[in-house]
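In what follows, a structure is listed as structure tokens, so that the remarks can point back to it.
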Amino acid sequence: MHSIASSPSETKLLRCNTVSVGFQQRQHKRHTLLLALGALVLMASITSLSFGPAGWDLKLAVAWLAPDAWPQFSPLQLNIVTDIRLPRLCLALLIGAVLAQTGAATQALCRNPLADPSVIGISSGAAVVAVALIAFAPNFNFNAEALLPYGAFCGALLVTMLVYRFAQSGAGIQVTALILIGVAINALSFALIGLFSFYADDSSLRLINYWTMGSLAGATWSTLFSALPLFLICIVGLWLKRKEMSLLLLGETEAEYAGINISRLKNQIVLFVAIGVGAAVALTGLIGFIGLVVPHLARILVGTNMRAMMPVSLLLGALVILASDWVARVIVLPAELPIGIVTALLGAPLFIWLLHRQLRSAMR
């Protein structure tokens, strides 16, 4: 028998077809995953609208989506959904998306899966300025609520630049330096928060104590709209940079060969991360580990390509925040647990596991 040898052109065509089929399969998997996550976010959103201190009212939440059914309910019931539950839902969706995207962007910037804004001190840096505004607003007679997002942005921007500057070495971002700098900044930030709290009056002190644990309970349309421009700048800005961040993950040399201006890209990432984290901290306080947990889950689902990871992270972040908020509202009824406690209980064990795994791989 004689074997039939394929020509080089046929072999090349076969390889191209194989690559094309594999790409289409991955695209189909990603689209299916995005649809599934979108459906879960929608279900979680309806659940969030349905639940309050008085218990479940799924009929009210569904009817609110259909104005023809509004006459069945009193104005008070409709106002509860419109003015209390809906702003909280919108804030949860935005906070989840922003924290997840800033976490993914920070990890791409540092090329390290442990680089979460809450772990390396960016969130606490934003919190210092926000707490100072809350504590001293009565003394200086200015509107702290309107200034919070922008003051927290300044704190986040300063800390982001410091962390990136001091953790950098000739071999890139060092894991040990990153963690130690984060520990130092967090310690200094909480010392300053304690100092500002000492000088705050009773009403400001209660607000600071609850705010530092993280909560969505204070969501209103006015606070949401005041920070909405910052949220949109962060989300859209990082979304447009996802392709360049994918190249950055391959290494700075490879990214430069692809025509990327590394210095400008890093500055843009730092700016967008600071804007997003500052606005998030100003509105909800310290909600930790979302930027660590969600990008890690997204990488498990779709790999490290930022073009695939960013949309998955966005939806996953919204879903995790909605689920955490639901747990915080249910677990100690009729009271409400700060959501920062729930996310810390979820994220801290994963952070320890990731750190242990990375240090073990570095020792090999």
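Including glycine, each Cβ sits where the backbone N, Cα and C put it.
A quick note: this is a predicted structure, and the numbers were derived from the prediction, not measured.
TrEMBL has this to say about the protein:
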- 33-56: transmembrane segment (TRANSMEM)
- 86-106: transmembrane segment (TRANSMEM)
- 118-140: transmembrane segment (TRANSMEM)
- 146-164: transmembrane segment (TRANSMEM)
- 176-199: transmembrane segment (TRANSMEM)
- 219-240: transmembrane segment (TRANSMEM)
- 269-294: transmembrane segment (TRANSMEM)
- 306-328: transmembrane segment (TRANSMEM)
- 335-355: transmembrane segment (TRANSMEM)
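Outside the transmembrane segment (306-328), and at least 6 residues removed from its termini, the chain residues within Cβ reach (under 8 Å) are 30, 33-34, 37-38, 40-41, 44-45, 47-48, 51, 88-89, 92-93, 95-101, 103-104, 108, 215-216, 235, 238-239, 242-243, 245-246, 249, 287, 290, 293-295, 297-299, 336-339, 341-343, 346.
Sequence-distant contacts of the transmembrane segment (176-199) (same chain, at least 6 residues past either end, Cβ-Cβ under 8 Å): 110, 112, 114-115, 119-121, 124-125, 127-128, 131-132, 135-136, 159, 162-163, 166-167, 169, 205, 208-209, 212, 355.
Only pairs six or more apart in sequence are counted, and the transmembrane segment (86-106) with the transmembrane segment (269-294) gives three or more Cβ pairs under 8 Å, enough to call it a contact. Note: the stretches the transmembrane segment (269-294) and the transmembrane segment (33-56) are not in contact (fewer than 3 CB pairs below 8 A, sequence gap of 6 or more).
Residues 62, 64, 80-81, 84-86, 88-89, 92-93, 301-302, 311-312, 315-316, 318-319, 322-323, 325-326, 329-330, 333-334 of the same chain, all 6+ positions outside the transmembrane segment (33-56), place their C-beta atoms under 8 angstroms from a C-beta of that stretch.
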